[in-house]
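Visitor: Starting off with a structure, shown below.
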Protein chains: 2
Amino acid sequence: MSSKHREISIAEFFEKNKHILGYSNPSKALITCVREAVDNSLDACEEAGILPDIMVKISKTGEGFFRIVVEDNGPGIERDQIPRVFGKLLYGSRFHAIKQSRGQQGIGISSAVLYAQITTGKPTVVTSKVEGGKAYRFELLIDTKKNEPEIVSEREVEWFSPHGTRIELEIRGSYVKERKQSVYEYLKETSVVNPHARITFITPDGEVHDFKRISDTPPEPPKEIKPHPHGIEIGTLMAMLKNTKARDLKNFLKTEFVRVGDKISEEILAKAGLPASMSPSSLSREDAERLINAFRLTDLLPPPVDCLSPIGESLIMKSLMEEYSPEFVYAVTRKPKVYSGHPFLVEAGIAYGGEIKEDKVSLLRFANKIPLLYQQSGCALTQAVVSVNWKNYGLQQSKNELPVAPAVILVHVASTNVPYVSESKEAVAAIPEIIEEVRLALQECGRRLKEYVERKKSIQKRKKKEEELLKIIPLLAEKISEVVEREKVDAEKVIARIMGKVYVSREVRDGRAVVVIHNFSSARRRLRIYEMCDGGINGDRTAKWDVEVGPGEECRIEYEFKGRHINRKPLVEGIEEEMLAGGEVVKLGY
Amino acid sequence: MSSKHREISIAEFFEKNKHILGYSNPSKALITCVREAVDNSLDACEEAGILPDIMVKISKTGEGFFRIVVEDNGPGIERDQIPRVFGKLLYGSRFHAIKQSRGQQGIGISSAVLYAQITTGKPTVVTSKVEGGKAYRFELLIDTKKNEPEIVSEREVEWFSPHGTRIELEIRGSYVKERKQSVYEYLKETSVVNPHARITFITPDGEVHDFKRISDTPPEPPKEIKPHPHGIEIGTLMAMLKNTKARDLKNFLKTEFVRVGDKISEEILAKAGLPASMSPSSLSREDAERLINAFRLTDLLPPPVDCLSPIGESLIMKSLMEEYSPEFVYAVTRKPKVYSGHPFLVEAGIAYGGEIKEDKVSLLRFANKIPLLYQQSGCALTQAVVSVNWKNYGLQQSKNELPVAPAVILVHVASTNVPYVSESKEAVAAIPEIIEEVRLALQECGRRLKEYVERKKSIQKRKKKEEELLKIIPLLAEKISEVVEREKVDAEKVIARIMGKVYVSREVRDGRAVVVIHNFSSARRRLRIYEMCDGGINGDRTAKWDVEVGPGEECRIEYEFKGRHINRKPLVEGIEEEMLAGGEVVKLGY
């Protein structure tokens, strides 16, 4: 263990371990390349406030080889940045910024360039133009020993587009369709959670899929924030103390952290027993430990929400509705929380019944609005879903498995630093705080689902009971009236009484009508009654009365009319269908 | 997307993404630190041909904080290498070497140093001594901005050990016991597949566990090899062409690849249509492509086996026997194969029945002799196990799940480059070639298991049938002999005939014995018959006869004897217990 020690460049590392970046087999590699390019386009457009218009074209160049073109209308990249953005691993603009973004590692797109180079030896072609500038076209390789871009060619070109970026990669790959893990599925799910984007996909067979723009307002770009004192690690704090430009501790706290102002910084320093005027670089490890303890003992506002960009409850519900046509849908966006100093929030949605067929529940996982197609079983989001006791919410479930039900579950985690299990961004690591939030979100969805299903069941039960009564009571009534030789009993009224409903009847004689409202329910009712006659009621075709009837009470309306009633039964507003007998429910605004 | 682009150091990257390296929660972080240190020790000893003696000590330093000490008797590290080996990520001796080793990334141990620094701010203490040299003690931190070691202190110390390395880390962690995922379990499983190592573990409670050395021969250290032409990527080939010291193509092929000699290199160049004298650096991309195609068209020996170090079938069986006391055990070591140019081999073992209780099968996963404790469900080895149709082999199984049986399955993949899903080395990526090999190994285990279980069943069935016959036939025989007034039929013989066995009887009258061997089975039998009398048979206490009896035939032995027979029934050698009636089976060498 002596002579052969050597430095390893990160490009060499990933050349040997490309599966870690998502290039473990040809079909996955193709999806990964598309994903890295599209994620970059969406991020760039979002930051510039541009409505994204993205074209993805895949064509076959040989047996097992494909060309991928991804073109966007984003802000473009400055000429001198292009080589390193695409030709150097661990280089980027989003790694050091604390805000939600798809790319956060500075590895993504250059890993695609590296993969193209490894498998075809061909350079990647990048064309980019910033607003008001010229378009430049680069052919790029990566010098893996140095992890530096190697510019094969560079020239100015004409490009009709006012701004944007176009990348062309040639790779070894495999194109699959009609599978959960496919370019089509990735783009579809991307479009579901990015309704402001228009994505055009041209397949190797020349088919064109147009994922349309549904919303014309770009999402508010997430704001960059400073780190939050809660959850910061002592080693990170010590590095910050060493590198800060602040001259004293008080200014250090105020300028390097979020949620720390004059008062809070004084409170922290008092708790730590450190003078405000102390130079940050002079703190010892023990001093830093005191500072960390003081952070912990100080109440602070949670990190600001505007560094995160959730999908939103209504959009999740809308998407699930449109995609799956369920009979019930519900979604929850939880409040932001913090893990190891990184703000995050969790969203969950559930769609149930309707056209969804009974089976193991389909799970849609998203992180920072990127669909996660692989490693479902190795992902903390899945772990959280299966850890919920779905039997509590009326679904079948085997231990540690997805429930069996006609349902789709969606989970989204948004964070300034999504803790992916690996650089391939396929699964979220088992961070306890995140799992807990997902569970809470799902439990709320579960409760709502249970309420819905129980209400549906109880309505069905009432209905069944009523149907049975409807069979018996009229016969009974007839028999009784025969025996006692009296007028026939109103069977519908009897049933309404038994079922605890509101019963409305109308009797007509000689141009006069009497409407009687019996409230057999246990609640006070405020109702509006409508009647319509072709000859008019007091001159109008339609008449209305507002009535209020206590439980067990009744109320009568008498009026004169001409001609015949247009409505077969009195119309009643302000009551649920299942609570009314004898009349007909009308919705507000009828 | 313009101004904020920046280079990211690999240390900064992993500071932010430490969960990727296996530090996602305190208990896992503690195990990971121990594992990185122990793996390093085992690798170093293996390379130096030393029988490892490793001490692991964990002690609590505060609520949620621990000190880890790992000390080995390895070859030690040269003084000038120590800072970078422990204080720089992507630095090491094993990354560029093509041979099986535990550490292959140049990240492991420095990641533990980084984690200690992040969570406690404290430097790691490393003491090391090479044979004949002095011991040096370093306190090290990592400058994360630069990814370079920061030496806090350095001094010469006295150390009684002739050579070795000792590392002391202080971290935030959590110590758990009696769990699948624990330091104890990791060390136990490590010891199972490294029987030449002695590992002493001192827990925070002061308990001492001694995992003893079982084998006194260190495993043959794997040999370093050159890359194999099959499976090499064009991009890698182009880089090799650029960086080689060989002056012409023929020498390039001979010196840079394994399994390429004079003849093969000429064959390859002829197929590629490239001159042997061509300078490697002058090849175009298209030329390189021709070379790759020529590789593909040329038959080559597989890579040499000595770059890999399997556990071995007998050791796997022995380990499973000792650990689980099953009634059946089987193991397979497959021949080496190649994926993307990397040699690998797969081993599998199964233990069944005995003291193993019926449940979902326990799966033990190993990669390069490292136990994989986490991410079972996200691992290709698990995927391969559940993809086998275990019902074919008589086990219960739900789709895509581990079978349910009283069994333990062990899977080991050894490779010059294990394709881990991430740097934390917890799960193997879904490489089709590896999955296929695991399946084949398991299918062989499955077949053997099925044979065993079926044989056991059929013996039980025969036995049951025989028992039933034994109840009926004697009664029947008695009845018949009564009715027909003839001598009683030999019931045992009748049963032997029905069951298709070999039947041996002895009749004795007036100092003479007749042994009759009836072969009712369908096979020709070569048997040895033994008889023993206290007064002697032809002068000897024991007499033996070799006989050969065809199916349906019989054979008689007559002899004179004195005194009484010592053996109640004739003794028969050369037949299975369940095939013999009337006599007693003796094992060879009786």
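Cβ coordinates are placed from backbone N, Cα and C, and glycine is handled just like the others.
What TrEMBL lists as domain 'Histidine kinase/HSP90-like ATPase' is A:25-146. Taken from TrEMBL, the feature ATP binding site covers A:Asn40, A:Asp72, A:Ser93, A:Arg94, A:Gly103, A:Gln104, A:Gln105, A:Gly106, A:Ile107, A:Gly108, A:Ile109, A:Ser110, A:Lys425. Look at TrEMBL and you will find A:210-229 tagged as region 'Disordered'. Marked as coiled coil by TrEMBL: A:435-469.
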Visitor: Which ones, of the binding-site residues A:Asn40, A:Gly103, A:Gln105, A:Ile109, A:Lys425, are Cβ-proximal to chain B (under 8 Å)?
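Guide: So the ones by chain B are A:Gln105.
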Visitor: Per DSSP, what is the residue tally for the region 'Disordered' (A:210-229) in helix, strand and coil?
Guide: 0 helix, 3 strand, 17 coil
Visitor: When you measure from the Cβ of A:Asn40 (ATP binding site), which residues in the chain that are at least 6 apart have a Cβ under 8 Å away?
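Guide: Long-range Cβ contacts: A:Arg102, A:Gly103, A:Gly108, A:Ile109, A:Thr165.
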Visitor: Check the DSSP secondary structure of A:Gln105 (ATP binding site), expressed as helix, strand or coil.
Guide: coil
Visitor: Taking the Cβ of A:Gln105 (ATP binding site) as centre, how many other Cβ atoms lie within 10 Å?
Guide: 22
Visitor: Give me the mean pLDDT over the coiled coil (A:435-469), rounded to a whole number.
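Guide: Value for the coiled coil (A:435-469), mean pLDDT as a whole number: 90.
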Visitor: Are there any residues at least 6 positions away along the chain from A:Lys425 (ATP binding site) with a Cβ closer than 8 Å to its Cβ? List them or say none.
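Guide: Residues satisfying the criterion: A:Gly22, A:Gly108, A:Ala367, A:Ile370, A:Leu372, A:Val418.
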Visitor: Three-state secondary structure of A:Asn40 (ATP binding site) from DSSP?
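Guide: It is helical.
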Visitor: Inside 10 Å of the Cβ of A:Ile107 (ATP binding site), count up the other Cβ atoms and send me the figure.
Guide: 26
Visitor: Let's see if you can do this one: DSSP helix, strand and coil counts over the domain 'Histidine kinase/HSP90-like ATPase' (A:25-146), in that order.
Guide: 45 helix, 36 strand, 41 coil
Visitor: Got a sec? Which of these binding-site residues, A:Ser93, A:Gly103, A:Ile109, has the most Cβ atoms within 10 Å?
Guide: A:Ile109
